[in-house]
Amino acid sequence: MVVSMALLRQSPSFELLFHCPVQRTRFLPPAVLSGVRNRFPSCRWLTLTSSSSRRLNSFTSRCSITNTDVCHEFVTTTDEEDLPSPPEDIHPIPIVHLDTTNIAVTESLSLLTECTYVDTVLTALPVLSEEEQTALAATPAHPEGLYVLYASCLVGNLVEQLWNFAWPSAIAMLHPSLLPVAVMGFVTKLAIIICGPVVGKFMDHSPRVPTYISLNVVQAAAQVLSAGMIMHAYTVPSTLGSSILLQPWFFALIFAGAIDTLCGIASGVAIERDWVVLLAGINRPIALAQANAVLNRIDLLCEIAGTMLFGVLLSRYDPVTCLKFAATLMIGSLPTMTALIWLTNKFSSGVLDRPKCSQSSSAPEGPRSETDSIFDLGMEAIKLGWKEYIQQPVLPASLAYVLLCFNIVLTPGSLMTAFLTQRCVNPSVIGGFSGLCAVMGVAATFLSANLVKRFGILKAGAVGLFFQASLLGVAVAVYWSSSLSQKSPLFFFLSMIVLSRLGHMSYGVVGAQILQTGIPSSKANLIGATEISVASLAESLMLGVAIAANDASHFGFLAVLSLLSVVAASLIFCRLLRNPTDEQRRLFSFDPLAI
């Protein structure tokens, strides 16, 4: 940088107001405009005033500098004549000419990627020690806003988990067959597969806070409508057989359930893939890991609390009274969630109001034809979602998550419950098995942040996957080598599955952070919703296999398929760890342990 300024006086110090390295300065006294060159023996730094937050291109070419002392020791001349010095009583105002054409800002600006803000950049900090950098990486960018977001998620997840347990319980008491619940589950999965990318694209092109509040309102309305339809079903004469599927209230229940699920997924993806990244900081791996762990911990605890709460109510009151309580809770929680979301944005200095790249910097889409139908727009969104999903830089991590969804047998799910029931296992043992799996999930949320701190993001994910695969391999070996009719092999088999949940949930937390880091905010909702669609498709395919092999004797075959899916997920993730691309190295360059 070339700086031209007037010489004030001779002194041993040099103090300026600009924070930039000075390599060469040129002193121009009034009498002589050339011939004097002042070279400093080392690079000096110029101190910024209160306007230091402005960018270089906002600096003017003429600035006032006060208290300027120049060391006369390094001044040399090109000729022999003496240079006149200014009188002591005259203090001219020095002029600083910034040659903007020589200011190399390209290198500094390259640190800021698309839609990444200064307060989230944690690159090389040479003035901080390693311990200080670790402490800074563990500090959220907006801690107050993050804590309020936790409170909002606590309220919303409690209501959602309570309703997820309430509606199938109420329908099961209304109709002895499992067919209505199965049809509801199938339609919900189908809605996610088809409409997931459409909802994700809508979220990426909408402002965060108003859209999230609108989703909460629509979801609450859908839940209240579902509760009303089920209460209406209790008032009409009972129907037998499968005729319940043809009732008008059941069609309305299916529609409301699909809307409820889509709104829940959209709001969940927005929180997990976008909001928490802005509040914790994308380049603060420890803080982001801790935030993901807290969100998963809240979800698991709300699942336990919501199930227990509605179960206690259902044991004391009739189903209609319990549904009225659930509907009242849904309506009452909506203002609380809205206020907490507003406070989240306020306490985070309006970080959620920042426009996404798709709203500001992206190229506008071409004009729409009047003949374009909703179907055409939906198909375009689905194609775009799949295209962006395949082209995402951390695709192996996402595919590993999808493959884990094929494991529907060696988990505390409905198929495992049915298998243990047909084996005449005590119901208390089945309940204890599910409870211990939930406890392992909560423990994994505490473990994941420590794994990221010790091994880095990518290696922590590999540890979780390999831990799960190894324990499930032992469980399958026990199943094929011994009879589960005996207590000891059965308890060992179940204990291996319980411990494997520790690795499964650890990768769930770490894998979410990998996707948060690798996916730009402008595409976070689209890719996240598409990923959930692919995962739902995987679950549907595995359920189809389970329906075809519905005999209990085929459980071993299903267990082997589940184990192979977990092993395949581990191998695919190793490809990301062992052979990262240049873009992946750049994405995780802030984490020295990652790659």
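Cβ from N, Cα, C; glycine included.
Heads up, TrEMBL stuff is auto-annotated, nobody curated it.
Here TrEMBL flags 178-200 (among others) as transmembrane segment.
Summarising the annotation, TrEMBL assigns transmembrane segment to 212-234 (among others).
Annotated transmembrane segment per TrEMBL: 249-271 (among others), in sequence order.
Under the heading transmembrane segment, TrEMBL lists 300-317 (among others).
TrEMBL lists 323-344 (among others) with the feature transmembrane segment.
The feature region 'Disordered' is assigned by TrEMBL to 352-372.
The list of residues near the transmembrane segment (393-410) in space but at least 6 beyond its ends in sequence, with Cβ under 8 angstroms from a Cβ of it, reads 416, 419, 461, 465, 472, 475-476, 497, 500, 504, 507-508, 511, 514-515, 517-519, 527, 531, 534-536, 538-539, 541-543, 546, 555, 558-559, 561-563, 565-566, 568-570, 572-573, 575-576, 581, 583-584, 587. The transmembrane segment feature in TrEMBL is assigned to 393-410 (among others).
TrEMBL lists 430-449 (among others) with the feature transmembrane segment.
The transmembrane segment annotation in TrEMBL covers 461-480 (among others).
What TrEMBL records for 492-514 (among others) is transmembrane segment.
Annotation comment: TrEMBL describes 526-549 (among others) as transmembrane segment.
Among the features that TrEMBL reports, transmembrane segment is placed at 555-577 (among others).
Non-local neighbours of the transmembrane segment (492-514) in the same chain are 272-273, 285, 288-289, 292-293, 296, 394, 397-398, 400-401, 404, 410-412, 416, 429, 433, 436-437, 440-441, 443-445, 447-448, 451-452, 457-458, 460-461, 463-469, 471-472, 474-475, 478-479, 484; each lies 6+ residues outside the stretch with a CB under 8 Å from one of its CB atoms. Two recorded stretches are said to be in contact when at least 3 C-beta pairs lie under 8 angstroms, sequence spacing 6 or more; the transmembrane segment (526-549) and the transmembrane segment (249-271) meet this definition. The transmembrane segment (300-317) makes contact with the transmembrane segment (430-449): 3 or more of their CB pairs lie within 8 A, with pairs spaced 6 or more apart in sequence. When each of 178-200, 323-344, 461-480 is scored by its Cβ pairs under 8 Å to the transmembrane segment (212-234), the top-ranked stretch turns out to be 323-344. Away from its own ends, the transmembrane segment (249-271) comes close to residues 149, 153, 156, 160, 163, 167, 180, 183-184, 187-188, 191-192, 195-196, 199-200, 202-203, 208, 211-212, 215-216, 218-219, 222-223, 225-226, 229-230, 232-233, 236, 295, 524-525, 528-529, 532 of its chain (Cβ-Cβ under 8 Å, at least six residues beyond either end).
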